[in-house]
Amino acid sequence: MLKTKSERKLAKQICKVVLDHFEKQYSKELGDAWNTIRDILITPSCWQYAVLLNRFNYSFELEKDLRLKGYHTLLQGSLPYYPKSMKCYLSRTPDRMPSERHQIGNLKKYYLLNAASLLPVLALELRDGEKVLDLCAAPGGKSIALLQCAYPGYLHCNEHDSLRLRWLRQTLESFIPQPLVNVIKVSELDGREMGDAQPEMFDKVLVDAPCSNDRNWLFSSDSQKAAWRISQRSNLPVLQIELLRSAIKALRPGGLLVYSTCTLSKAENQDVISEILNSYSNIMPVDIKEMARTCSQDFTFAPTGQECGLLVIPDKGKAWGPMYVAKLKKSWTT
């Protein structure tokens, strides 16, 4: 079969330094499952894209068209918390809708994303009127998804990286109507300082942490930069733990915290959460297994050994993930 030009281009760019490194680590951590995961991660023609509809510029025609193309809705109605206002369509095949152009004054009708990235948003169980913090918010997909779920009293989107911050602002501008923009604050703070700046301010906090972005790293075009990233990789859990400590300070007692990454790495996932649970007496794990049971028709999960943690792994026909999600609660007693 002839490959398209873009597929040939991507196929050439798999970074051997990263692949070899992942091969060593993930074959040990994930066993046989790694072979399937690897084959999907290095074959972009298998990748799938979900379509999240924008409730602020809803198109009945678009929804009808997606249904006709064989798309189905994600999990609708089957989770205890699944807001009717959030509509996400998935295809079983690697179909990709074209991205809409950013036009000032025009709201986009849909956002393309990895369907697994909606799981941290759903785990947060956002309700109308709540104060919510998205600590590492760029490029903005999860903030957009949160606003499809409920109307928060206050949404604080923070992004420390100035380039990514521009991207975040543009995403929000493309999807969110002006009146709602008034309840959204965008900041460029180092996430590790947020807890001191806004102690016990938020009902819900999402920490979608900087991580070894497995999909992107495999296609690093600069192998020297890739080698440097790998050499620095062991520093990531330190940063992730510091971000979580800050998020815990910013969370009010009784509030929920969701931690997520787009890596398979145990050191950045389960180990980070274990460290947090071992060092706080007022942070409790929240059982999230029901979400895995409910979502099993659309996602494949690897065992995490944690009741509060899920790991979505790419699989044939369900090429979503990697996505790790952990759910924690801050209790009233310290």
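Note: Cβ is positioned from N, Cα and C throughout, glycine not excepted.
Just so you know, TrEMBL annotations are computer predictions that nobody has curated.
As given in TrEMBL:
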ACT_SITE  Cys262  active site, nucleophile
BINDING   Cys136, Ala137, Ala138, Pro139, Gly140, Gly141, Lys142, Glu159, Asp190, Asp208  S-adenosyl-L-methionine binding site
DOMAIN    41-331  domain 'SAM-dependent MTase RsmB/NOP-type'
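All features noted in TrEMBL, drawn onto the structure.
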residue : record                               : Cβ contacts under 8 Å, 6 or more apart
Cys136  : S-adenosyl-L-methionine binding site : Asn158, Glu159, His160, Gly191, Val207, Asp208, Ala209, Pro210, Leu243
Ala138  : S-adenosyl-L-methionine binding site : Glu159, Asp161, Arg164, Leu165, Trp167, Leu168
Gly140  : S-adenosyl-L-methionine binding site : Cys157, Trp167, Leu168, Gln170, Thr171, Leu172, Phe175
Lys142  : S-adenosyl-L-methionine binding site : Ser117, Pro120, Val121, Asp134, Leu206, Asp208
Asp190  : S-adenosyl-L-methionine binding site : His160
Cys262  : active site, nucleophile             : Asn114, Ser117, Cys211, Asn213, Asp214, Arg215, Gly321, Pro322, Met323, Tyr324
